[in-house]
């Protein structure tokens, strides 16, 4: 997959990247020796080991909290979702430091150190006698000795130290990978289009190992080894990333995106009574040379969010809080236009939070033995992974080709349509989960196991449909979500754009905690039943809770259809495969200069 150099019509080698990427010392960088897949091999392999480390902790955390710290259903589930919410919200800070101060590479490496510190402390917390909670013969019993405040403090400090570390790694590693492909080089640009699918593949490859081997070790061998192996995996992943440093391309920090956006909003408010000229050429903008020499892209003014155009109306001052360039205004518009789509992804992210909490808790009530082998409940998460891997391949090889024939769209379907299909799947998932839970409860009643809460004579594999469908939904929604927020973010705010998709997961987890606590409290106080969510799941009514989720997903899907209808795609550098094909043909005839001009002047419309 190594990239090739282009030769212009005069026979000169086009050796340097044109997108503003540099080496670690800030010098221009040769395309032939850096970037492309030669760099991304290290990054993708890093992600496999890092995901193994992360999911080695998160997948089975609810079981540790239940069996070792003796927490109830609601408390243990909320502790997991609150921690995971923090994990997915901290990338906003990581993106901020990368874009404003340190750059992606150094922010990432510092965060890796914090991440490894948290993992190491967590391993010690479950291994050292004085730090781990006292053993209990029957972990589900109510008379087990609780962990001491010191033991709890060390455990949760380790968890949240880990969360801070991932805040710097998650938004930057994805963007570092995407930065290895030059937007101004047609062949590299075409390779970038498949990057996100392979990125998701690497993520779930690491997840698959965590959900099978690691959770088995944790349940059947011990938590010391079960947490020690992910810590070792993280150390290996960091070393792999460092080994590829000579091949990476870097983009210089361009200042805080929050500051740039704030200047636009404040400048527009301060000039609220100023008339915006009808001719966009009368608005303030920097010379094209100011952008091209730094590898940046100038963006033309658009009529959407017109109020913000007041920020670039010329006045008798150059105060950056009073006067902003058209490009700066359009960058702010792009970030703001994505917010309604971001909000629409919160509820599906809430559904995904059930995989590591209530879905796993359901598994503990079911028959899990195959001969002498006991299936860890958290290992069913592996079927999410397998389903996603299969679905991504089927999407690329069959669905997209068929869709291209029907729609004549180079992508098959556009990114928002792909997200919409994923959201529709979430409605089906919660309906399936509702009927499966109704069946589980009926078996509990038939066998007189409601009050005792004992294991049911029902196979754990009845839960498979909801896990498999969750993976299929991810193949549509999660892949499209990452691509959408990266693709639609302006060049100088890619890390912030990437953090949008992670913010979605963070907010979804916090919503899950809120809904679980609220519904549990309300149904205990005001319902005819003792409550929908109890420590004894055989006496609970998770079927009602899942039906509530199905309705919530339906309402959210209607909201998504509404906001996506009015979304306007950005228009700076085209990612159209049709334009890309033209560029490749032109490049093969040594007319590189003209192909670049065609790429720069092409605009993205709502179908790409």
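Note that Cβ sites are derived from N, Cα and C of the backbone, with glycine treated the same way.
Range 456-477 is the one annotated as transmembrane segment, of 280-301, 302-323, 456-477 (source: TrEMBL). It is 229-248, from the ranges 229-248, 249-268, 569-588, that TrEMBL records as transmembrane segment. Sequence-distant neighbours of the transmembrane segment (148-165) (same chain, 6+ residues past either end, Cβ-Cβ under 8 Å): 57, 69, 83, 86-87, 90, 111-119, 121-122, 124-126, 131-133. Most Cβ pairs under 8 A with the transmembrane segment (229-248) among the ranges 195-217, 375-395, 415-436, 456-477, 498-516 are made by 195-217.
Within its own chain, the transmembrane segment (456-477) is flanked in space by residues 200, 345, 348, 351-352, 355, 359, 362-363, 365-368, 375, 377, 380-381, 383-392, 395, 418-419, 421-423, 425-426, 428-429, 432-433, 436, 439-440, 443-444, 447, 449, 538, which lie at least six positions past its ends and keep a Cβ under 8 Å from the stretch. Among the recorded stretches 195-217, 375-395, 415-436, 498-516, 544-563, the one sharing the largest number of Cβ pairs closer than 8 Å with the transmembrane segment (335-355) is 498-516. Proximity of distant same-chain residues to the transmembrane segment (375-395), defined by a Cβ-Cβ separation under 8 Å and at least 6 residues beyond the stretch ends, is recorded for 55, 59-60, 62-63, 197, 200-201, 204-205, 207-208, 211-212, 215-216, 218-220, 355-356, 359-364, 368-369, 460, 463-464, 467-472, 474-476, 478-479.
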